[in-house]
Amino acid sequence: MSIPLEQPENVVVLRQTMYLLSLMTILRDQQTGHSEFVRTANLIINMLMQEALSALPYKKCLIKTSSGGTYTGVQPARDICGVSILRAGESMEYGLAAACNYSVPVGKLLVQRDETTFEAKLMFCKLPKDAQDRLVLLLDPLLATGNSVILAIQTLINKGIPEENIVFVNLIACNEGITNVFAKFPKLRMVTASIDPELNANKYVVPGCGDFGDRYFGTC
């Protein structure tokens, strides 16, 4: 089980139930096959989307029920959109769409990491045309050094999206990455399923789960 350090107050970690821990065990196991990896990842992603959407602002609304009564409920107070960091972030798009009745626009960012310097470079950016007026869920399953996510967040800010309107949704993070990201963006909000203690010499999360994109899309 991962042992997180004290985290910024804007970081929400899913409740570490036995069920979630069992899913994380399957996800991390190098013996887990492709179809089981995808099934397990999707279950965790669904949990993350529920938590992320619960953190967004809501407003009261009055509806009529099929029984002839009225009900005071809530509905989102702001429109949202997703932005996935390619390619691994695309694995989280279906979970977001399913949680929002498939009506949420999704943008794409391609950020590549130099395997020698570990620096990130923006290669492609396509956002929904009104992204600056929406709350943005930034999707990337793994957070290692934080360089790619920092570049992605700065790109969103440069496009007119306020830092406080960005929620980073993530499966596995590490302490170093969280520290680096929040040192630059303290108003950011983050939802993750697990926080691992360290990076290895190649700057991969340990214990981690391997290359998430390769395992999810079956290219390993």
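Numbering starts at 1 and runs along the chain as displayed.
Every residue, even glycine, has its Cβ placed from backbone N, Cα and C.
Per Swiss-Prot, these features apply:
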BINDING   ALA77, ARG78, ASP79, ILE80, ARG134  GTP binding site
BINDING   ARG87, ARG113, ASP140, PRO141, LEU142, LEU143, ALA144, THR145, GLY146, ASN147, SER148, ASP211  5-phospho-alpha-D-ribose 1-diphosphate binding site
BINDING   TYR204  D-ribose 5-phosphate binding site
BINDING   VAL205, GLY210, ASP211, PHE212  uracil binding site
Other same-chain residues whose Cβ falls within 8 Å of the Cβ centroid of ALA77, ARG78, ASP79, ILE80, ARG134, the recorded GTP site, in sequence order:
LEU56, PRO76, CYS81, ASP133, LEU135
Ten-angstrom check, please: count other Cβ atoms within 10 Å of the Cβ of ALA144 (5-phospho-alpha-D-ribose 1-diphosphate binding site), all chains counted.
24
Among ARG78, ARG87, ARG134 [binding-site residues], residue with fewest other Cβ within 10 Å:
ARG78
At the level of the C-alpha atoms, what whole-angstrom distance separates ALA144 (5-phospho-alpha-D-ribose 1-diphosphate binding site) and VAL205 (uracil binding site)?
6
Within 8 Å of the Cβ centre of VAL205, GLY210, ASP211, PHE212, which other residues of the chain have their Cβ, at the recorded uracil site?
LEU142, ILE172, TYR204, GLY208, CYS209, GLY213, ASP214, ARG215
May I ask you to report the DSSP-based helix, strand or coil state of LEU142 (5-phospho-alpha-D-ribose 1-diphosphate binding site)?
strand
Within 10 Å of PHE212 (uracil binding site), Cα to Cα, which of the binding-site residues ALA77, ASP79, LEU142, GLY146 are there?
LEU142
Fewest other C-beta atoms within 10 angstroms, as judged across ASP79, ASP140, which are the binding-site residues:
ASP79
